Structure formats: structure tokens, C-alpha cells
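Before any comments, here is the structure.
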């Protein structure tokens, strides 16, 4: 991870001619044995400054323009003029041919020195203080305390209790907050940090470190700071900082959130642009300045080689995790904040790289007079020595604040003992841990009382001289905070601001520049992910061809028979254009965390980002619109007129932007994606139904007509229809009456059958059709355009406002979650407090253990295990005598052009009862070795031999080991005990009884000390187990499997605080003491942690062994080995791990004096290892037994038992996931209520029948929302299975997949039943069935179809996600297939009018059979009752009754009826007499109902079978995979 930093530092080291300096930064950095950013001697720095100020072109440019330039930061002056003889930036920095060039200032030079660069910039600024206005910022806080809302110990939400739980929370919100409902996160504390100082904050998770950093960085969102607290920044208040100077005080959270598709350079360059000051170096323009600062930041933090590499994330491949962390650090460094708060910024970095980061901060502080506060969990001694001050916290109490060099003595004087080789930081943190701190023997012998609780230690602090001195410093600093100090900061900030930037704004560049730079960034993103836009255009073009060609045949007639289909095609067009932007909500939530972070850095307004995103999305939207609409318009054969087409295109573009801005508003108004999808889905349904096609405006029920009036698409659809039909005369396609008996009739004796026809006319005017059918008038054509534009503008500004002012979800403190039944039991037993104090905000760390816990001492190996003998009695952990050993292990992976060796002839063994550490530099192959030994690599070639008691590994091996991954992966809804039992049930042999497995689980809980939270739910960060508890559970899950051979642990202490790391090592030590064999990778542990291990296997770069052997007491055996091979002496107080890394050249700035792999292979120790391996291979096979047939099985449990247990667990998870289930049911209820009451009790008129048909069509649109909710749930299950449970052989893929099928079905049956009960009766289908005398059969079959449809949604979702990695991709594919199935189901275009080519799509669409059956079940076998406007009116021949006149026609047509057959003046004729005739026009028939049901069930079965096959094909490892093992003879 830090190799690139090391390369830079090595070059700097070689170029450095002096190692001492009177400069404070140089003095601090020069104290360490291996140095990173080497300092220059004071004389060299001053000489460099003189050279730059006398010879540089900057100075010349300044001199030449002195007459015309002035120092007002906001005048048009020469500093913005870009000199034509500069290459990007002044040649002093970048052009080697320029006189005075210094390579130490050139970030592209191998000799670049960040210290020299910072010093040079400081010299430039101080050379002209009136222009550059240098300033600094410190912070003092007095009586600072913070509080948050108290949280009950929560109970697990379930499907049954979530509603009363939410109601209870709602009632609490209505009540005024009481004092007992809050708790103090921070007790009153004080501090003073002056410019140029570094402060380290130490404390365990939950002690208040994060809250302190947020409080002093004016970032108190989520908690409250007491009114009497004083926080002052040179006289500025927290409110001043938030409103006007937010960018001067920055809080950096530990998470690394970036736009994954941007390169490292683009990410940092955007930040540099936003922070380029107006009063920058004279003669350098903005772009050159930003570019140079970006290159300096990349060179400083070892990122230059990643310049054009994507930053990436968990899903997008990019830079490594450590490099991503450095990008985050560089981002803050470019911001140039004068006061910086770093919250666990070194997490994910090894100690060497973390040290380089602290040194960079020290350089900035010493030279640039910045102030920085760093909360750090594991801090080496070298890093600690760089800090000026330290603050120690415990349980919200301040235990110490003062000089870092005095802290150790302070606590020793208090009565605590610091063991040898323990770092000062670890010692200070251990004071807060009852199980780790050691009371000095001298105090014990004298009987002196030593403060032990946080409150006692805080009181001791308040009585100390150090506290009195601190108060004096604070008071003195507050007195200096005058108006003059505030004016200096105000003037400096104003000088940095660009023209037209409001003086009160915290931003450096103005709003227009922000939008400009963000536009460029967005276009970079689009270029990096151009394939997404390309596929969107291609996909929409294909859909245009498909949908357009569907109407191609019927539209060619251009007569009245096309009326319905023209409306349907127009409806399709506007919906497709409008809803093409629905999935923009996903991208909003992808970028929101970045925007919120940049807002706190004061880079840009969130609304500027929103503005830029809208502008940058215009080109792809317009391209997509052009491709779709040109193809669709001309394929459908809409009106061929240039003006008409462009109006059509204009309206559809407006529809696109209207709905785009509306969905963006929804996304900005909500705080999570889940919150946004529900209202978005509801809006989609409402807008679709009330556009005016599914149910015309004149037919909308009175209670819901307001929805039409506020629906923007209603007006746009009206304009489109007017545009298509106005001033057109459509020839009549069918007359009434017609036939052989009516050849000679003329005039008013016949009429066209289309709506809007007049007797005697052989055509229908388009305007008449629109007026009669939709109540549309031509004068409203441009009204729709105007209203649409108004909506676009309105939603756009609402979107900007919401983005600017909508804050993210507040962070919550941590709480433990139990099952509700268990909470009642615990409260009854008195084991649970009524109130539980949440832990540290933001980091979601666990609250501190009870400070009254019995004091324990650190024990050496001979007395390991702090449990009493009674505690250890009866422990039944699996013990094994088998020895695991390997020899000449090599691992090669294919790369471009050949093979790359990762492991090179590694030997070793792990014996029962021993704890072996696997160490090495970053990239040495530690985790790879662990994976090879555990059979977890998925590609490459393994050579060498891996034995168990002298026998090569066999099929029983994977079941005989436990593997604890670095990530703590668990099912969040299970309790601790349930997780352990699940592992025991499925991984222990089936011959072991359930009772015995349960007893063994209890033993595991006991030895891991998890009794207090054994019934707690695993949960998620902040609401469940904390970091340490999760790590214990990870180990427990593997122990519950009763591995008879050994346990592998990968980086069990990575990312943990020192106390939790110590507890984890103590736990491993305890397991080894009880006979467990353990092999553990660990990254540069502290000296105290190193003493817990028995043996060490150390690898260097290239996977080569440097040492394998005993560590000895105090690591003496290992130290003696290296010293005997020529290494320099290990200082008595040094960390042996860091000393060893330095010796072998694995630490930054260090160089090995010899090849220690060669030294090892030529050593006596190596020969002893080989002899031991020879003995093992010769003698161990005879004492071991051959694995039984049972042990050779891939899984301990049968497939049936696996399926049973996994299904039970999954049912349990669904029950405990109310968000997913209630979202499904709420969407179902809303959709069906909305549809049902929109078409409430539809009558049997022609319009009523069409409404009932379209209601069935709309009934299916719930497919997409339900599908999109299901996919993430499956992905979570699959990730857990594939990452942990499949490699550990817990259960097979078939049991996993079948359980996914089975468990989803009952909930879909329930959802389908709910939908049926609401929809079927609300629309009025039951009335039709009752009138036909078929109430029970039709109702039952309709119900079966309803539940089958919801099961079909689940089957399609499973099919889509079975082979897709990402839920979004599966959702896109599912939506596309559903759209095609719905388009060809026969509703919008009947099979009679479809081109012959598409008939096969009609037949393969599963919705064809469902909608055919539902329509028949809903309306078949009853009479039609036309409304008055649907009756065709004409006059019969004189002297003839209507009945006689129409008899021949009715007989020929087979349908139709007269309202009054005896009438002789006006005949009122309805063209359809029965609903069966209506069904026939859509090729629907009642007799096919059961056949259609059977076919639809076959589709569901096919989906499940295909999904199972595709999952096996794409995701199940095959035995003939990419991994090959070649044992050596």
C-alpha cells in the first residue's frame, strides 16, 4: 500500500545532503530512525527562499507590473495574467531549463520534497503579507459538553411489532423532551490548540472522541452542544464558522467516499479548482495553479503513479483501499483548512504509511501554522512523538489534556504502571480499560488509592496542576481573541474569494464558477462511463423499433379504425419519454454522500451540484430523445408534417425534463433510497392512470378529478393528441348499418361507427373525435406547452432548494438490540437497565464496558488466561493432536504475457495449542498464503505439498478447519446464539445430537465471554453488536463448527482500537491455551501484542520467507536471530515488529543490507525447519487415522437437512425484516386501492368495459416496484453465502437457492391475496360474475391468477439476479423484459393489427395469457349497456321501424342492439350487445381461462428452473475451474 510513498521518500532521502535542521519540523522528523518526507536544513531552506524570491520569474513579473498592480484581492490585476513564457505554471517549478530551477519544488521530479515546497510557499506568502494576507486559526474550548437523545435498549423489529413500535416512537416525538430522555456524550471538558500544533485524541470506541472532533469542528448535526459551552476560533464562534468560514475548519470522517468513475487526478483537480484563491501567486492563472497544487498533492501522498487510474469503490475497480484513503487525505490537504479534525484517518493504513501521514501534518503545522486534531486508534511511538498535545477521553470524561511528552508521567504519578515496550499511546489508552491497565506495585504496597473509574480520574484531573495551567492558557488565548483577530481572518477570506462571490459566503469561488467546474467534472464522469449512455441510447432505439413496428400495420390505414391505436401509441410515447428518467433516483443517492462531504469542506453549494447535474444530463437526454422519437414517430406513421413532428418532439422532451425534475425532487426530499422508491412508484402509477388515455377526463370520478388537474402529463398528452388529430379528416372504416342489404342507402340512413361521427358523413373530423372522446379543444394545444414548461421550471427550482437545505439522515448512537420476548425476560430478571446510553456518534462504536469491572493485569504466556479455574472447567472445545504443515509452497497467477509468482517456496507448520503469527510487508502475500493453505484461492497454480499429519490434504480438509475473515460477515437479523447454533447444526457431524451441539455452543459463548449479549441481535452498525462483539462472533461461528485441525484468522486486529486488538489477541491466546491450533495474519502489531504469539512466519516482498521460528519471551529469540545475521541492535524500548520491518527493508525509508531470504535459506534455523519437516512427513502418517467416509462428504449435513435449516433461517429473516415486507404490502395496498377506486364499480358500457380492461393493464405495473425491492434483499443473502458460508462448506448452493424460492412464495401469495381482495371488488368484477351466475368459480380463479402474478414477479426477479452481480443491472433487464411482455400482451395493440413478424412475441409473452384470462373472468357472459353518447344515431327509411331496418345487419354482425326497435324516427344503436363480442375484438375468450392459467404457471416454473441453472452456470465454482494444485514429490 505504501510502496509508492516509500519510492518517493527513498529518492528524497538520496537527494538530501543534510540530516539536521534548526527548523522545528526538521527537528521533529529527524528524531526517527527511518524518515519519510525528509526535511532540509535551515540554511538550505533560507537559501532556497532567497533564490526563489530573487531569480524567479514570479518575482520578475511582480516587479514589472508593480506600477499597475495593487493589493486589493478583488481588483482586476496582473496576478490573473498568464505569462506566455510559462508552461502551465512558473518554470521555477516545472521547467528544468529555467535558471533557478529546483527539482525539489517540481512534483514531477524524482527529487521532489514536500517539505521544501511547503516552506517555499510559506516564504512567498510572507514576502508580501499585504497581498497574500497570511493568517492562522486555533481553537479553544471551555466547559464543552454535548448531549444526545437517550435510547432504550431496543427490541428487534418484526413484521408483527413494527407498527406499534413506530406508533410509540411517533407519540414520543409529540411529547416535549424531558431531561431524563437525554444523556451526556461529553462531560464538561476544556482544551486549547494553537496554530502550528498537533493534537492526538485517544480513547476507546464510545469514549467520545468522534463527538469531540465534531464539536470543535462546528459539525454538531445529530447531537446538541450545551448553551454554556465556549468554542472559539480566534474570536469566531461555531455559528460564524458554519455560516461564513466553513472551509477553514474541516472534519474528515474515516469513510472514503468518492465518485468511483473519476480518476485520481480528476478528483483532486476539481477540489483544487474550487479552492484556488483570487490572491494566488502572481502571474499564474487559475488552471495552472490548480493543476500544480493537484500534482503536488499527488506527489506528497504517493499518488502520482495513479494519476489516470479510477478511484473506484467496492463495485468499480480502481486504486487500492490504501490509495483510496490517501486520496481522501490529499483532498483535505488541498482544501487548505487552517484547522483540521481527522477522525481515525489512518484506518486501513499500515503503521508505516500512517506515520508518513502524521509527518505530513506536522510539516504543514510547523511551516504553514495550521492546527490539526487527530483521533487515532492504534498509534506507534514514532507517530505519537510527532504530536504536541494529547487528550485522553473515557466514557465522555476528559482524563488529561496537555503536552504529549508529559502525559505518560502524569498517569504514572496517578498510580499506573507502563510495561516495557508498550507505546505511550497504548499506555494512555490502556488507562481507560479495567482489563488492561496495571496499578503500580509501589502504590499497591503503600495502599495508596488510585482513581479507577472515569469519574474519579476526571476529578483527579480537575485537581491537577496540568489542568490549572490549561485553564490559564485558555483564558489567555480568549483574551487575545479581539476584533482585530477576527478582522484578519475576515480580510484573508475575502481576499481569497473570486469576483462576484458574496463576502459572507464560505465558498472561495462564485456560484457560476462552481457550476462550471462541476459541469466539467460531470462530463468527465460521463466520458469515463460512456458505455452506460451508449447502451441507454441503443436500448431506447431498440425499444423504439419494437414499439413503433407494433403499430406499423394498423396505422397505414389512416382511417377511423386507427383512433384507439393512435391514442395508445401516443400514450406509449409520452410515458416512455417521461419515465425513462425514473432510475435517476439511484444516481442521486450514489452522489449524495460526496455532495454532503464537499459541502462541509465548503467546496460548492449542493444546489450548484444539482444545477450542474441537470445541465450535464441534457445532452444524453436529448440524444436519447432524438433516437427514440424519430424512430418511433415515423414507424408508427404519425402525421407527416415538419411542424407537427417538431411540436411532438418538443412536448416529449418537456415531458422528459418535467418528470426528471419531479423524481429528483422526490429523491432530494427523502433521506434514503428505500424512502424514495415508495412515493416514486406511487407517483408513477398516478401519473400514468390520470394522463387521460386510460380513463378520459370526462369519465374520471369526481373525487379524483383533481389528480388530472395537477398532473403535468395530462396537459402534455392533450397537446400531443391535438397536434395529431387537429384539422384532419379521417375516412370512415366501418358504417352502421352495412352489408349486402344496405348497398343503396344514403344520407342520414347510415352513420360511421366511430365516436364523433355525424349521420350522412363518410368521414370523421379529428377535432370532433377529440371533443367527444376526451373533451380536448384545439385552443388548448399551446396551453399544454406553457403548463409543461412551468412545471419544468417549478420542479427545477424546488429541486435546487431541496438540495441546498435538505440535510442527510442524522447519525444515531449505538444500541444493543434484543428479541422482544428476551427483553421482557431480561427486565424481569433485572439484568437489563431501562436506559442504555448510546456510544460514540458517527463511528457507531460500542459504549464502554462497565467501569466497575474487576481490574485485571496483563499476564505473560506462562500464566495466560484470566479466567478462574472454575470458569475453565468443563470447556469442551475440540482438541486435536494433528499437525498441519506445508513445504516448498509456491503460488503462481497468470498475468498478461506470462506468470507471476506470489508465494515462493514457503515452509512451515502449526501445532495444536500454539498461536502462530504470519507477518510481512504490504503485498508480501500473507493473505494469499492463508487462502492457499485453506483452499480458498479461485485461480492460479499451487505447487508444493500441504500435509495433515504427513498426509496430503483430502476432501475432508475444508470441514476440519475454521477460517475467520477480516470482514465480519453475519446475518443481521439473527441473534448471537442463533448464529452459533446455525454453524454448529450444519458444520458439525450429523452423528452429533442437537442437544450436544447446543451444549457445545454454550461452551463457545462462555469461553468467548459473550454471555451478556448472547441473545442480542447482530444488527447493523449503530443498532446491534459493536466492532469487538462482531469480531468475537466471527471467531465463535468458526469455533462452533468444532474444527478438529486448526483455525485461520485474517487480520483480526485490523481497524480495531488498541484495547479491542488486545482483547482479540487475549482471546486467541485463550483458545490456543485450550489446545486449538491457530494461524493468524497480523499487520505490524505493538510490542505487547507480539508477546501473545508463540511462533512467527515472516514474509518479504515476493512471498519469500525471512524467518520461521519461535518468538521467545519478549521476542528475544527472533531478535537474537536477526542480530546474529548482522542486523543493528534492537533498542530496549523499540517495538520488535517495527524494528524487524526496518531491518529487512520493509519500512518506509529503510533499506536491507542483505537479502534476508538468502540469509534464511543458508541459516541453521532453516536446516532445523527442514529436519523437523522431514521427521513429520516420515513419522506422523503412522499415528493418524484415515478420514472416514462421513468425513469425506463435502457437507456435514444432508441436503434435506441443509434445506430445512436454511429455509427456517430465511423465514425468520423475512419475519424480522419488516421494511421489506411492509414496503411490499404498502405498495400493493396503495396500488390496488388507487386502481380500484379510480375505476370504482365500472359499468358495462363500452367505455366502462375499456376502463376495466385498462385497469387490468394498470394492475400489472406494480411489477417494477416489487421487483426492485426484492433484488437488494437477495443480493445481501447471496453475498453472505458466497463470501463466508460457501467457502466454509456450511451448506450447498442448491439448499441456498431452493430456500430463496420457497420462502418468497408465501409472502407473494399473501400480497396477491391482498391485491385481489381490494382490486376485484372495487372495480366491480364480482358484479359481472354474479350477473353471469358464475360468482364462485370466476372469483376463485381470479384469486389464483392474482397470487400467481405476484409469484411470477418473484420468479422473474430471481431469474434476473441469478446471473447478474448488481441489483441495478438486474432491475434494468427485468424492466426491459416486462415492458416488452406488456407491450405485446394484446391490450395496446391487438394481435389482429400487429405485423405478422411480431405475432410470436404476442404468443411468448406470459402477460398475454394472464390478461386474456383476467379480462374474460372479469367481464365475460353479460350484456353490454351503452351510454347515450356511445349509441349510434341514424334515421331509418320512411315507414320502416328501426328493428326491421337493422335486423339484417344485427344478424350479419352477430352483435349489437337497439334501444327502441319500434322507433320510426331516430334509431339509437349500440354496436356491441354482449361482453363476449367486446372480448373477441381483443382475441380474448372465456373458455380458455384454465388453459391460460396452466400456461402462466408453466412460465413461473420455467423462471425458477432457468434461474437455478443460470446461478449454477455463472456463480457456482466448478471442479475443473481455474485453480490447479501440483504436489511436489
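Glycine is no exception: its Cβ is also placed from the backbone N, Cα and C atoms.
The annotation compositional bias 'Basic and acidic residues' is assigned in Swiss-Prot to 1-13 (among others).
The topological domain 'Cytoplasmic' annotation in Swiss-Prot covers 1-531 (among others). Summarising model confidence by region, the topological domain 'Cytoplasmic' (1-531) averages a pLDDT of 77.
Residues annotated as compositional bias 'Low complexity' in Swiss-Prot: 14-24.
What Swiss-Prot records for 532-552 (among others) is transmembrane segment, and it gives sequence analysis as the kind of evidence.
If you look up Swiss-Prot, you'll see 553-567 (among others) marked as topological domain 'Extracellular'. According to DSSP, the topological domain 'Extracellular' (553-567) comprises 11 helix, 0 strand, 4 coil.
Per Swiss-Prot, transmembrane segment is recorded for 568-588 (among others), and the stated evidence type is sequence analysis.
Counting only same-chain residues 6+ beyond the ends of the topological domain 'Cytoplasmic' (589-617), those with a CB under 8 A from a CB of the stretch are 219, 246-248, 250-251, 253, 257-259, 271, 274-275, 331-332, 335, 337, 506-509, 511, 514-515, 517-519, 521-523, 526, 660-661, 664, 667-668, 672-673, 676, 796, 799-801, 803-804, 808. According to Swiss-Prot, the feature topological domain 'Cytoplasmic' maps to 589-617 (among others).
The transmembrane segment feature in Swiss-Prot is assigned to 618-638 (among others); the stated evidence is sequence analysis.
Note: the topological domain 'Extracellular' (639-642) comprises 1 helix, 0 strand, 3 coil (DSSP; helix = H, G, I, strand = E, B). Residues or ranges marked as topological domain 'Extracellular' by Swiss-Prot on the basis of sequence analysis: 639-642 (among others).
Look at Swiss-Prot and you will find 643-663 (among others) tagged as transmembrane segment. Under 8 Å from some Cβ of the transmembrane segment (643-663) lie the Cβ atoms of residues 573-574, 577-582, 584-585, 614, 617, 621-622, 625-626, 629, 633, 680, 683, 687, 712-713, 716, 719-720, 723-724, 784-785, 788-789, 791-792, 795-796, 798-799, all in the same chain and six or more residues away from its ends.
The residues of the topological domain 'Cytoplasmic' (664-699), classed with DSSP into helix (H, G, I), strand (E, B) and coil, number 26 helix, 0 strand, 10 coil. According to Swiss-Prot, the feature topological domain 'Cytoplasmic' maps to 664-699 (among others).
The transmembrane segment annotation in Swiss-Prot covers 700-720 (among others).
Residues or ranges marked as topological domain 'Extracellular' in Swiss-Prot: 721-783 (among others).
Beyond the transmembrane segment (784-804), the same-chain residues lying 6 or more positions past its ends with a Cβ under 8 Å from any Cβ of the stretch are 595, 605-607, 609-611, 614, 650-651, 654-655, 657-658, 661-662, 664-665, 668-669, 712, 715-720, 722. As annotated by Swiss-Prot, transmembrane segment applies to 784-804 (among others).
Residues annotated as topological domain 'Cytoplasmic' in Swiss-Prot: 805-1219 (among others).
The compositional bias 'Basic and acidic residues' annotation in Swiss-Prot covers 829-840 (among others).
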## Note on the structure
According to DSSP, residue 927 (ATP binding site) sits in helix
### Query
Are there residues at least 6 beyond the ends of the topological domain 'Extracellular' (1362-1368) whose Cβ is under 8 Å from a Cβ of it, and what are they?
315, 583, 586, 1268, 1271-1272, 1274-1275, 1506-1508, 1510-1511, 1513-1515
### Message
Which sequence-distant residues neighbour the transmembrane segment (1369-1389)? Criterion: at least 6 residues beyond either end, Cβ under 8 Å.
### Response
539, 543, 546-547, 550-551, 554, 565, 568-569, 571-572, 583, 1253-1254, 1256-1257, 1260, 1263-1264, 1267-1268, 1271, 1356-1357, 1360-1361, 1398, 1401-1402, 1405-1408, 1410-1412, 1482-1484
### Message
Can you tell me which recorded stretch out of 532-552, 700-720, 1341-1361, 1397-1417, 1493-1513 has the most Cβ pairs within less than 8 Å of the transmembrane segment (1220-1240)?
### Response
700-720
### Query
Helix, strand or coil: which one is residue 921 (ATP binding site) in, per DSSP?
coil
### Message
Let me spell it out: take the topological domain 'Cytoplasmic' (1334-1340), skip the flanking residues so only those 6+ beyond its ends count, and list any with a Cβ under 8 Å from a Cβ in it.
### Response
1320, 1325-1326, 1417-1418, 1421
### Message
Can you work out whether the transmembrane segment (700-720) touches the transmembrane segment (1397-1417), with the criterion being 3+ CB pairs under 8 Å where the paired residues are 6 or more apart along the chain?
### Response
no
### Query
Are there three or more C-beta pairs under 8 angstroms joining the transmembrane segment (1313-1333) and the transmembrane segment (532-552), sequence spacing 6 or more?
no
#### Entry: For residue 924 (ATP binding site), the number of other Cβ atoms found within 10 Å of its own Cβ
23
### Query
Restricting to the same chain and to residues at least six past its boundaries, which positions have a Cβ under 8 Å from a Cβ of the transmembrane segment (618-638)?
526, 533, 536-537, 540-541, 543-545, 547-549, 551-552, 555-556, 558, 566, 569-570, 573, 576-577, 580-581, 644-645, 648-649, 652-653, 656-657, 660, 724
### Task
Residue list, the topological domain 'Cytoplasmic' (664-699) vs rest of chain: Cβ under 8 Å, 6 or more residues beyond ends.
567-568, 570-571, 574-575, 578-579, 582, 584-586, 588-589, 610, 614, 705, 707-708, 711-714, 717-718, 721, 773-775, 795, 798-799, 802-803, 806, 808-809, 1219, 1223, 1226-1227, 1230-1231, 1234-1235, 1238-1239, 1247, 1251, 1254-1255, 1257-1258, 1261-1262, 1264-1265, 1268-1269
### Task
May I have the DSSP-based helix, strand and coil counts for the residues of the topological domain 'Cytoplasmic' (1334-1340)?
6 helix, 0 strand, 1 coil
### Query
Who are the long-range neighbours of the topological domain 'Extracellular' (553-567) in its own chain, taking Cβ under 8 Å and residues 6 or more past its ends?
636-638, 693, 721, 724-725, 730-734, 752-755, 757, 764, 769, 773, 1388-1389, 1393-1395
### Task
Within 10 Å of the Cβ of residue 925 (ATP binding site), how many other Cβ atoms can you find? Include all protein chains, please.
24
